[in-house]
Amino acid sequence: MDLKMLLIFIAFLLPSVLGFPIQDNYENSTATTESTQVTTEEDIYDSPSPAETDSEDELIFNRILEVNKDSSQYLQEGDIVPRRSRSAINCRNCYWPQSRDGIVRIPYVLDPTYEENHVKGIREAMAEFETLTCINFVKRKTERDYLIIRSADGCWSNYGKVGGGQTISVMKGGCMWKGIIQHELDHALGFLHEHSRSDRDKYVRIMWEYISPADRPDFKKFENSNNLGLPYDYSSVMHYGPHTFTNTTGKATIVPVPDGSVHIGQRLGLSNLDVAKINRLYNCSRCSTIIDAAFGSLKSANYPRNYSDNTNCVWLIRTRSRKISLHFRAFELRTTRGCQGDYVKVYDGSSKYSTVLMDKTCGSQIPTDVVSSSNLMLIEFVTDGADTASGFQATFTSAKIQRRFKIRN
């Protein structure tokens, strides 16, 4: 094979190599996936289009089904504990109460048999809710209604608040993936699977011929579902994969319409529309955007015109197992002592509990480039009620993470 043909062959293979996703597994290591979408603050309702392959995508959802197949817990739709009396849709008391400060605090207790890495993974999954929405998971004191997160026999949850202590099963060894943990927590917040929406027939076709009679109830459509006035989300963390419950190898059970090539389902983490739905259901006024991309840009609202007073916005950048490099192209924030008024802050992770990469920064001097240690970076922009300025504009790129290995004799 001559050099020209070899280069063509490598160019053909390269996209496939780069497109292989790495999942968030808290038994081992942490990573996410990316797409080529570039998202800005104004695109809060635009969810990313996952770039992972069907087989890898379904590996995550099939993990739930595989783990749950031997579960002694009776489940609907693969991972939902059915209610004994109240309707799963028309249940006004199924939502967690909101405090006067606008925060929805949900008490929880963790299984004492969890090891340190399990606890860390569960809390990281919770922290993304707290960063992107007004949902805060807090350790239980004496509250009557709370979550019991334990390693039972499977990955499953109740729908919404049921009263008293309610179990979310996050089994060690099978369910310790960020997307799965967030999926089950989302059920507890009051969300069903995306394909159960009343308007689903406009967006997907259920291929009943490839679904066994015993599994058909798992594809039930709720005619009176509350869709919150938000679009159908193919990339929701609550969406089935295309081959879920298929009885014929290679045949899809859910096909997008009118474009059958649209990618559906993932278990990697909350999408922008997942976040928007939580905030709308719980009447949260949060400014948050998820950017799943290898490169892109972001800017303060109204840039290059002046930003608004009393702003609190975050951008969560997620890439596929790549370090993120953030470069500020323009920077003009009102100067205050210690930057206690308007500021930009950057974290080395997906929440405000993560290590700080760039502490509160204001003024007109462009900050130096910021590089994450992993595939996650959070940018926070806060302003007070005083004077404003033009704000900032930034771009980001990503590079493969270099892993170090110790050689043992």
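Cβ atoms are placed via backbone N, Cα and C, with glycine included.
Residues annotated as active site in Swiss-Prot, with sequence analysis given as evidence: Glu184. As annotated by Swiss-Prot, compositional bias 'Low complexity' applies to 30-39. According to Swiss-Prot, the feature disulfide bond maps to Cys91-Cys94, Cys134-Cys284, Cys155-Cys175, Cys287-Cys313, Cys339-Cys362. The domain 'CUB' annotation in Swiss-Prot covers 287-399.
Mapped onto this structure are the features recorded in Swiss-Prot.
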| residue | record | DSSP (3 states) |
| --- | --- | --- |
| Cys94 | disulfide bond | coil |
| Cys134 | disulfide bond | coil |
| Cys155 | disulfide bond | strand |
| Cys175 | disulfide bond | coil |
| Glu184 | active site | helix |
| Cys284 | disulfide bond | coil |
| Cys313 | disulfide bond | strand |
| Cys339 | disulfide bond | helix |
| Cys362 | disulfide bond | coil |
If you measure from the C-alpha of Glu184 (active site), which of the disulfide-bonded residues Cys284, Cys287, Cys313 fall inside 10 Å?
none
For Cys134 (disulfide bond), which of the disulfide-bonded residues Cys94, Cys155, Cys313, Cys362 has the nearest Cα in space?
Cys313
Below 8 Å Cβ to Cβ and six or more residues apart, same chain only. Which residues does that give for Cys339 (disulfide bond)?
Leu333, Lys360, Thr361, Cys362, Gly363
Can you count the other CB atoms that lie within 10 A of the CB of Cys313 (disulfide bond)?
20
Which one is it, among the disulfide-bonded residues Cys94, Cys284, Cys287, Cys313, that lies nearest to Cys175 (disulfide bond) by Cα separation?
Cys94
Along the domain 'CUB' (287-399), what average pLDDT does this model show?
95
Highest Cβ count within 10 Å among the disulfide-bonded residues Cys94, Cys155, Cys287: which residue is it?
Cys155
Return only the integer: C-alpha distance in Å from Cys284 (disulfide bond) to Cys94 (disulfide bond).
17
CA pair Cys94 (disulfide bond) / Cys155 (disulfide bond), Å rounded to integer, equals 20
Measuring Cα to Cα, how many Å separate Cys155 (disulfide bond) from Cys287 (disulfide bond)?
31
